[in-house]
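Feature annotations, reproduced from TrEMBL:
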COMPBIAS  69-86  compositional bias 'Low complexity'
DOMAIN    24-68  domain 'FLZ-type'
REGION    69-110  region 'Disordered'
ZN_FING   24-68  zinc finger
Amino acid sequence: MACAFFFDAEPLGEPGLRLHGPELELDACALCTKPLQGNSDIFMYKGDTPFCSEDCRYEQMHFDAAMARQQASARRKQQQQQAQAQLSVPGAPAPAPAPVSNKADVSVAS
């Protein structure tokens, strides 16, 4: 037999999860700050970031991906510089760059 109050009970959710509070604000789009209506769809990203439309969410996702690529590139460059600094001996000349073929723009193996 089903309980009469089953559909009237409030969802428990996660401890500390509030729909309007410092942890999770669902009152405005995180990108364009357009107010979110209670009767309209909310497009979530990364679990707790609300957007008013798929377009706003996609734009944020695209921006985040570009930032991640930029940060990864900066980390690789820093690691390469650190590796070169560890390999270089003080006073020793820097190794000559590999010769490049003018026809194919590729390094020539020697």
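Along the chain as shown, the residues are counted starting at 1.
The backbone N, Cα and C atoms fix where each Cβ goes, and this holds for glycine too.
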The correct DSSP tally for the compositional bias 'Low complexity' (69-86) reads 18 helix, 0 strand, 0 coil
In DSSP terms, the zinc finger (24-68) comprises 15 helix, 9 strand, 21 coil
Model confidence over the domain 'FLZ-type' (24-68), as mean pLDDT, sits at 92
